[in-house]
Amino acid sequence: MYVIRRDGSYLARSLSLSQAMTEREPDEVPHPGRSGRRQGLLERDSDFDAVHRLIGWQKLGTGDMAAAVGLDLDAVMSPVESYITQSRLRSVAINILLLLICVLITWLIMRLQRHRAMLQAIYDVLPVGVVVTDPQGHIVDCNQMSEQLLGLERKVQLSSDLSRFEGRLYHADGSRMSAAELPGMRALLGGELVHHEEVGFIHPAQKAMCWLSISAIPCSDAGYGVVIAFIDITHSRNHRQAVEHIAFHDALTGLPNRRLLSDRLNQALSRTARQPGRLVVCFLDLDGFKPVNDKHGHDAGDALLMEIAKRLQKVVRTGDTVARLGGDEFVVVLNGLGSAQEMDDVLERIAAAVATPVELGASQTAQVTASIGVAMHPEDGDDADTLLRYADQAMYRAKQSGQCICHFRREGRESVVW
């Protein structure tokens with residue numbers, strides 16, 4: 001700090017410059033007399049200590065003296081420069097951090113895209129059809145296998161909803177499904193988890209019934225409606241049915257075998273309590289079959305058995321069962337007979353069908369007849385095994401009596417039916 005006379009000599013200085021009292025400072029501060037201005041501001045290096053200062057001066061009173069204050073610019077600007085430096089460092093750090101975040105986000109996006117591409121590839125090559133719906137049941141996504149299994153292009157599926165399949169899907173028994181019965185609808189509306197349900201579907205291109213195993217899972221928590229997955233089980237179902245057919249049917253004639261006969265007979269017995277009419281079990285043994293087999297060979301015998309099987313199926317009524325137990329033995333189950341006359345009429349048709357000559361080829365014919373044993377429910381028994389056993393016993397009595405004889409077990413009577 002300075003106090004200066006008009007002639008430029010110092011009246012007072014700060015403590016650090018006290019040795020310079022009364023000396024002249026030519027140009028560090030303006031002489032009060034040199035300028036008409038009463039105050040000013042200048043920046044310069046001091047001639048005394050070479051410190052770079054910012055100097056402010058003000059004339060006092062009449063202007064014979066002036067006061068000046070000099071501030072060390074380095075000391076004054078040091079906090080500002082420190083703040084600027086810190087600000088720059090913070091800016092650099094923030095920019096580096098933002099750059100790292102951008103790099104991380106870019107890497108995550110690229111990784112997600114790769115994962116999405118991988119999942120999409122898996123999604124498209126899966127041997128499983130997949131359909132995804134929104135909460136309203138509109139289809140929002142599907143994979144390539146769904147196009148193949150359903151015979152519907154992707155754009156067609158995406159413009160549809162689950163109600164499109166109403167009346168186009170079938171239960172395992174062949175009946176049509178209503179909208180409420182569709183696996184996807186049950187999962188969407190009722191929250192039901194559907195696992196591997198067999199559903200029939202007529203493929204638009206193949207014009208044939210295909211069979212699908214369908215699973216449906218609600219996905220409301222993920223913002224979707226339901227995810228439906230399905231596979232084609234037509235081949236395996238047909239194979240299973242073929243195996244079941246072999247297990248329950250006679251290999252030569254295709255008629256029900258003993259196992260299926262027992263099941264059919266038990267079902268018929270359970271219906272007798274609800275339906276009017278009589279249940280009758282007829283046990284047939286072919287008379288004269290062995291000579292045909294011996295004379296014309298086993299192939300001819302097989303051909304005769306197959307023809308007899310076809311004839312028996314034609315002469316019985318809908319709901320009746322014709323089965324082959326093996327060899328030349330057949331069983332016919334007659335349901336809901338209204339009268340004894342109706343029973344006699346059916347037995348006569350059966351005997352006539354068996355006794356009609358069979359052409360074996362090469363101008364050869366063969367003729368057999370049938371001995372028939374009859375057991376009636378409930379007179380002769382109320383279970384399948386008892387009725388079959390009594391019908392078998394009655395057949396042997398008819399066979400002992402002669403050809404084309406029908407023996408009625410309970411009534412103990414016999415009649416010639418052909």
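Keep in mind that glycine also has a Cβ here, set from the backbone N, Cα and C atoms.
According to TrEMBL:
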COMPBIAS  22-31  compositional bias 'Basic and acidic residues'
DOMAIN    115-155  domain 'PAS'
DOMAIN    277-411  domain 'GGDEF'
REGION    19-40  region 'Disordered'
TRANSMEM  92-110  transmembrane segment
Same-chain residue ranges lying at least 6 outside the domain 'PAS' (115-155) that approach it to Cβ under 8 Å: 161-163, 184-185, 188, 201, 203-206, 210, 212, 219-220, 223-232
Number of helical, extended and coil residues in the domain 'PAS' (115-155), per DSSP: 20 helix, 10 strand, 11 coil
What are the helix, strand and coil residue counts for the domain 'GGDEF' (277-411) according to DSSP? 60 helix, 45 strand, 30 coil
